[in-house]
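> So Swiss-Prot has the following annotated:
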{"type": "DOMAIN", "residues": "39-305", "note": "domain 'Septin-type G'"}
{"type": "REGION", "residues": "49-56", "note": "region 'G1 motif'"}
{"type": "BINDING", "residues": "49-56, Gly104, 185-193, Gly239, Arg254", "note": "GTP binding site"}
{"type": "REGION", "residues": "101-104", "note": "region 'G3 motif'"}
{"type": "REGION", "residues": "184-187", "note": "region 'G4 motif'"}
{"type": "COILED", "residues": "321-409", "note": "coiled coil"}
{"type": "REGION", "residues": "373-427", "note": "region 'Disordered'"}
{"type": "COMPBIAS", "residues": "374-389", "note": "compositional bias 'Basic and acidic residues'"}
{"type": "COMPBIAS", "residues": "406-418", "note": "compositional bias 'Polar residues'"}
Amino acid sequence: MAATDVERVSNEEKRSLAMTGHVGFDSLPDQLVSKSVTQGFCFNILCVGETGIGKSTLMNTLFNTTFETEEASHYENGVRLRPRTYDLQESNVHLKLTIVDTVGFGDQINKDDSYRSVVDYIDTQFENYLQEELKIRRSLFNYHDSRIHVCLYFITPTGHSLKSLDLVTMKKLDSKVNIIPIIAKADTISKSELHKFKIKIMSELVSNGVQIYQFPTDDDAVAEINSVMNAHLPFAVVGSTEEVKVGNKLVRARQYPWGVVQVENESHCDFVKLREMLIRVNMEDLREQTHTRHYELYRRCKLEEMGFKDNDPDTQPFSLQETYEAKRKEFLGELQRKEEEMRQMFVNKVKETEAELKDKERELQEKFMQLKRVHQEESKKVEDKRRDLEEEMNSFNRRKAAMEALQSQSFQATSQQPLKKDKDRKN
C-alpha cells in the first residue's frame, strides 16, 4: 500500500483500553534516566559582554571551580569567539560544559559590526548540527552538540540605561538563542539605583521588541518559583572565588574597606537566583528550547532554501525524489539562464570591442592621412628649397668662374709689362 493511501487516524478514533495485568512499560522513565546518565549531558553557555566585566569570574563562581582563562586585551581588532570545553562530574552525572567567551566585544571605536561574529558563530553551530542530521550515516549519539543553549548577556552597571550596542546585539540574537540578561558587578551601584536600573532595562527591552528567555510556567512543579523569578530579571550578580570569614563561617565574598559583599547572600545580590534558574531548575528546558525553537527555526529556513516544504493535509505530499528533481530542474533552468546571460554579455562585449576598434582604426587612418599631407607639403617645401639652393650654387659657380678668368687675365697683363721694360733697356 502506498504511503498516500494510508488513512490518517484522528484523535476521536483512538480508544483507551484497560489492561488485565502488569506489562512493564511503566519502567520507561527509569530506562530513560539510566540511558541519560550513561550518555551524559552537554550544556553550552555563551558569555557576551565587554572585556573585564567579570565573565570568567562569574563562570568560576557558578560551577564552583577554576576554569582555564587567558588575559584578554582591550586592543583587539575585532570580536573573537573563544570556546573552551570541560568535563565535569557531580555525583554520578557527567556534564560536558562548553563556555564561549566573546573576546574584544565592545572594545572597538566602531561597534556597528560587533554582533556579527556572535551571530555567525551561533549559525555555524546550527549548520554543523544540521549537516550531521542530513548525513546518510549519521551518529548523533556520539556527536558533540555545540549549539548554544543560553546566552548570558552581561550589562555594564551604569545605572542609567542600556547602551545602543546592547540593544542591537540582543535584538539580533533573540531569535537564535535563549538570552538571560544579567547586571555584572552589581556591588558598584546602590540598591536604590539598582532597582531603578532593572526597571529601566526591562522597559527598554520591551519597547525595542527584544525577546529574552522567560522561565517556563507551564510545569506545575516549577511554575510558582519560575513566575517569581521572572519578575526579578535582569539578575544583578556579583562573582568571586575568594573566601572571606564572616562570623564563624568562610563564605565566598568580595572584601571592601567598607564591608563584605557575600556572593550567596540573596540580600546582597541575585547570584543564588541565577544559579537556581540556570542550573538547578531550567537547564533541561534551555536545552529543549534550543532544539525545538531556535534550531527548528534555523532548520526550517535552510530546508526551505533547499526546496523542501510542508504540505497541507489535503494535498499530495512530495517525496524526496520529487523535491530533488524539482530543485534540479530549477537549478538547470537557472544555469541555462545564467549561461544565456553570459553569452549575451559576451556578444555585446565583442560588439562593443569591434566598434571601439573600428573607431580607433578610423582615427588612425585620419591621423595617417593628415601626417601624409603634412609630409607631402614638407617634402615640396624641401624640394623647392633644394632647387633654389642649386640655382644659387650654379649662379655662384658662374660668378666664381668669371672672377677667376678676370683674375687670370689681369695677372698675365701685369707679368708682360716688366718684360717689355727689360727689352727696352737692352736696346
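The backbone N, Cα and C atoms fix where each Cβ goes, glycine too.
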> Indicate the candidate from Lys55, Lys185, Lys191 with the smallest number of other Cβ atoms within 10 Å of its Cβ, considering only these binding-site residues.
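Result for the binding-site residues Lys55, Lys185, Lys191: minimum number of other Cβ atoms within 10 Å at Lys191.
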> For Gly49 (GTP binding site), list the number of other Cβ atoms lying within 10 Å of its Cβ atom.
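The answer is 21 other Cβ atoms.
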> Three-state secondary structure of Lys55 (GTP binding site) from DSSP?
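The residue in question, Lys55 (GTP binding site), is helix (DSSP, three-state).
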> With DSSP helix as H/G/I and strand as E/B, how many residues of the region 'G3 motif' (101-104) fall in helix, strand and coil?
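Secondary-structure breakdown of the region 'G3 motif' (101-104): 0 helix, 3 strand, 1 coil.
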